[in-house]
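> Pasting the relevant annotations from TrEMBL:
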COMPBIAS  1-15  compositional bias 'Polar residues'
DOMAIN    111-268  domain 'Yip1'
REGION    1-73  region 'Disordered'
TRANSMEM  122-147  transmembrane segment
TRANSMEM  167-184  transmembrane segment
TRANSMEM  196-217  transmembrane segment
TRANSMEM  223-241  transmembrane segment
TRANSMEM  253-278  transmembrane segment
Amino acid sequence: MMSGKYTTIDSQKVSGSVPAVPDSGHFTVKLSESNLQPYPPSDARGKISSGSQPPRDADVTFSKSRLGSDEPPQGGWFQMFSIASYKPYFDVDTSDVVERIKDSLFPLRGTFNEKTASNPDLYGPFWICTTLIFVAASIGTFVTYIAHKLKNKEWNYDINLVTWSAGLFYGYIIIVPLGLYVILKYFSVPSGLAQLLCLYGYSLFVFIPALCLSVVPLEIFRWVVAGVAGFMSATFVALNLRAHIKSAGERWFFIVAAIFLLQLALGVALKLSLFTVAV
């Protein structure tokens, strides 16, 4: 038929002009690699970065040196109101604190100032004073309780022991080093306030075991304990400051003697205020 013939001719024409494409079952697509980039990009910024490195804008406060700070340095008295200025004085670990406590229990060495000259801390003194407050209040309360019970007397808790102990220890560790700092500056003696606070703070540690031993209900024993603790604490402070105060001239002996007697008086004050029980 004409239509079939035309179709056959047309098919032949098409077959002759367009070669047959073999069916391989798949095809390949080539894409240009010029626009492909690895993820994440190598020059990434912000909180996501390549590799295992920490983010570039992460808080690296604790990875800096002791003297490092995230804030611009401030001058003059404004440093007192900056938290960053106090961070180096709390950058100690347990081994440092334990070693300094051991030095305070061997006062005749007189090497505490040399060991802590480069890194005096306020962490140890703070916790020593805080521990002393609660130990003094609790032991003093226990002593008065036992004394009243032994004589079948009525006993009432005295809250003033806590407030009095806090005022005594915190006041002593701040006022005495500050006053000594002013005196040494007057005599042109090289000294640092942080170093004096550190020295006086650790000098109070010996009173913690002394207060615990004062539970024994013997008046003479309590006096001996208070005297020994006061003598050890006073010797520790005086010997560590003697080498520095000698540069004050001929008056150095009187300054060291005053420091020794003031520290010894602290032990007497503890005995009279906390362990003199009147029933």
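The backbone N, Cα and C atoms fix where each Cβ goes, glycine too.
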> Examine the transmembrane segment (167-184) against the transmembrane segment (253-278) and state whether at least 3 Cβ pairs sit under 8 A, considering only residue pairs 6 or more apart.
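Yes, since the transmembrane segment (167-184) and the transmembrane segment (253-278) share at least 3 Cβ pairs closer than 8 Å, they count as touching.
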> Please give the average pLDDT for the domain 'Yip1' (111-268) in this predicted model.
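Across the residues of the domain 'Yip1' (111-268) the model's pLDDT averages 87 on the 0 to 100 scale.
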